[in-house]
Amino acid sequence: MSDIKKVVLAYSGGLDTSVILKWLQVTYNCEVVTFTADLGQGEELEPARAKAKLMGVPDHHIYIDDLREEFVRDFVFPMMRANARYEGDYLLGTSIARPLISKRLIEIARETGADAVAHGATGKGNDQVRFELSAYALEPGIKVIAPWREWDLTSRTALIAWAEAHQIPVPKDKRGESPFSTDANLLHTSSEGKVLEDPWQETPDYVYSRTVNPEDAPDTPEYITIDFEKGDGVALNGEAMSPATLLAALNDLGRKHGIGRLDLVENRFVGMKSRGMYETPGGEIYARAHRGIESITLDRGAAHLKDELMPKYAELIYNGFWFSPEREMLQAAIDHSQARVNGTVRLKLYKGSASVVGRKSPDSLYSERHVTFEDDAGAYDQKDAAGFIKLNALRLRLLAQQGR
């Protein structure tokens, strides 16, 4: 271990990474550089600086970076162009944040001359894979330290005992227990552990922190509009906004109306199933709006092909392959499809739902003249359908004739 002189730690200031900070100092006898990413998690981050200083990290080795705009612009929005949902439901709020954190970890390692980077992901979860695949893709020779795979602290009980033995404060929630395992950023908040580990038990309402209970949401619906240019949201209710500002505003609306709650049992990349509770208020509104604008601007063939590619694209992000050539290849195709995804979507927000109720676009492929039930003035000859059906039925008739 003597070859490790300096480590950059992805540091939240919470219990796990505070224990890791002390453990790195004790075990590796090395300098530790802390990096705390502001991804819009809604927490005051200066306490992380104070705690790092208290544990012996000098000011010039404490990095707290505001990455909110980069996060939404370069990671969330490209993913949303693909309509990505892992296993049909999960909007990938944790998964999509990991490559950006890894990217900045590697940048800081280069800036400070560090020998290694470290993270607080456990050996059971997906995050260890996401952090490390991204790190190796960006810096093939980097050393990655994953304490949960090295030390003998095999449970949260053991972790808390170690923390108390080394005078590291252990936070308590309002119920007098150690907190749930949570992750938060501008896109979502996730909770795992304790009562959530039983997939039969309904999530207690006190676990939810980002949305009101839909039953308690306003009794009057609220209507909003989102403007899109080339597949990306650019304005809310006619007011131009940056990517992060737009998502934050949608989060406020989603919170108010109880939108974006998801109770999910998912298949982890490492092989086990896990149960998590996700709150993605603004992301759910945005995702539905993006689908809405695509519905009138994308050709059927392109739209259906995108839907076929989406599960693979979502799986690549979930599994940690953001920086892989296959993800970049799919992204190029997806981005090409968005060239004319322009226009405005109107949504109705009401008691947990975000419904598209209107859409318009200068690039609309919707032709009211062709689709009308009234006189179409010769736009469409219904007799043409007979030949279309006959040709498409040919193979079915031949199969039937052979008794197949």
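Glycine residues also receive a Cβ, built from the backbone N, Cα and C atoms like all the rest.
Keep in mind that this is a model prediction, so the values were computed, not measured.
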> Per Swiss-Prot, what member of Tyr206, Tyr278 joins Tyr90, Ser95, Asn126, Arg130, Ser181, Ser190, Glu266 in binding L-citrulline at one site?
Replying inline: Tyr278
> Pick from Ala37, Ala109, Ala114, Ala137: which one does Swiss-Prot list with Ala10, Tyr11, Ser12, Gly13, Gly14, Leu15, Asp16, Thr17, Ser18, Gly120 for the same ATP site?
Replying inline: Ala37
> Which of the listed binding-site residues (Asp127, Glu266) has the least company, meaning the fewest other Cβ atoms within 10 Å of its Cβ?
Replying inline: Glu266
>> If I restrict to non-local contacts, at least six residues apart, and a C-beta distance under 8 angstroms, what lies near Tyr278 (L-citrulline binding site) in its own chain?
In response: Tyr90, Leu91, Gly93, His188, Thr189, Ser190, Gly260, Arg261, Leu262, Leu264
>> Restricting to the chain of Arg130 (L-citrulline binding site) and a gap of 6 or more, list residues whose Cβ falls under 8 Å of its Cβ, or answer none.
In response: Ser95, Arg98, Pro99, Ser102, Ala121, Asn319, Gly320, Trp322
> Given the binding-site residues Ser95, Asn126, Ser190, which one is most crowded in terms of C-beta atoms within 10 angstroms?
Replying inline: Ser95
>> With Cβ-Cβ distance below 8 Å and at least 6 positions apart along the chain, what are the contacts of Ser181 (L-citrulline binding site)? List them in sequence order.
In response: Ser191, Glu192, Gly193
